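Asker: Heads up, here are the entries from Swiss-Prot:
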BINDING   C124, C129, C165, C169  [2Fe-2S] cluster binding site
REGION    200-239  region 'Disordered'
Amino acid sequence: MSLASNVLLQASRLGEMVIKRGGATGLMVHRDTKENNLNVKFKFTSENQERIKAIMDIYPEGHKAGALIPLLDLAQRQHGWLPISAMHEVAKILEVPRMRAYEVATFYTMFNRQPVGKYFLQVCATTPCMLRGAETITETIEKKLGIHAGETTKDGLFTLAEVECLGACVNAPMIQINDDYFEDLTPKDVNEILDDLKAGRKPAAGPRSGRLAAEPFGELTSLKETPPGPGFGLQAALK
C-alpha cells in the first residue's frame, strides 16, 4: 500500500471513530459529499430571516459577529444539520470570513456537520453514566432500532451516538434526544421513549424515576439549615 493510500485509509478510520464516539460532528475538516458540497444551496426561510433580524438587534453596532452561534444554530434547526453552504450563508450575513464560521462549527459538538435522523439519540458514555449502566442503555437502543453508534435507521428517524459527559451525572444513566434530557433511565424506560417517538408522541423529558430534577432520593442529606444571609463570613473590617 502506498503512503498516500495508507493516509487516506487512516483518515477514513478516524472519521468512523469520531462519528461513533462524537455524534455527527465528523472530522475537523470538510469533505465534499453528495448532500454536503458548495453546489447544494442554502437560504434561510422568510420566517427565520425575521428571527435573524431580532437576534442581531440584541448586539451593539460593530459587534454583530457575536450572533455567529445563534445563527448557526438557527441554520441547523431549519436544515436538520449544518452543511457547509449554511455556514457560508451565516458568514455572509454577519460579514465575517468563512473561516470564523468553520472555527465555531468544528469546535462545538452541538453542531452536526453530517446528516442526522429526526431524533438524534446521544448516550452519555463517560464514567458516572457507565457505572450506572450506560452500556446497557446503548445495547437496548441498538437492539430496538437495529443500528449501532454512528448509524441512522433506514427510515431516517433515529441516529445513535455515544458522547462525552452531558453534565447530568447525578441523574445517570441518561441520554439527550435533540434538545431534551431523559434521565435515571432503565431499559424499560428507553423502550417506552422510543415507542412514543415512533408513534409521533412526545415523551416527558427529565428524570424517569419520579424525582424532581436532581433532588436526592428520600430526605435531604445536606443543606438542611437556612442559609446565612449576605455578608456571612466577611471580616469585621469589611462589614
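Cβ coordinates come from backbone N, Cα and C, glycine included.
Show me how these features fit into the structure around them.
Answerer: Taking a C-beta cut-off of under 8 angstroms and a sequence separation of 6 or more, C169 ([2Fe-2S] cluster binding site) has the following same-chain neighbours: P128, C129.
Tertiary proximity for the region 'Disordered' (200-239) is limited to same-chain residues at least six positions away from its ends with a CB under 8 Å from its CB atoms, namely 168, 170-171, 180-186, 189, 192-193.
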Asker: So, in DSSP terms, is C165 ([2Fe-2S] cluster binding site) helix, strand, or coil?
Answerer: coil
Asker: Per DSSP, what is the helix/strand/coil residue tally across the region 'Disordered' (200-239)?
Answerer: 3 helix, 2 strand, 35 coil
Asker: Once the DSSP letters are reduced so that anything not helix or strand counts as coil, what is C124 ([2Fe-2S] cluster binding site)?
Answerer: strand
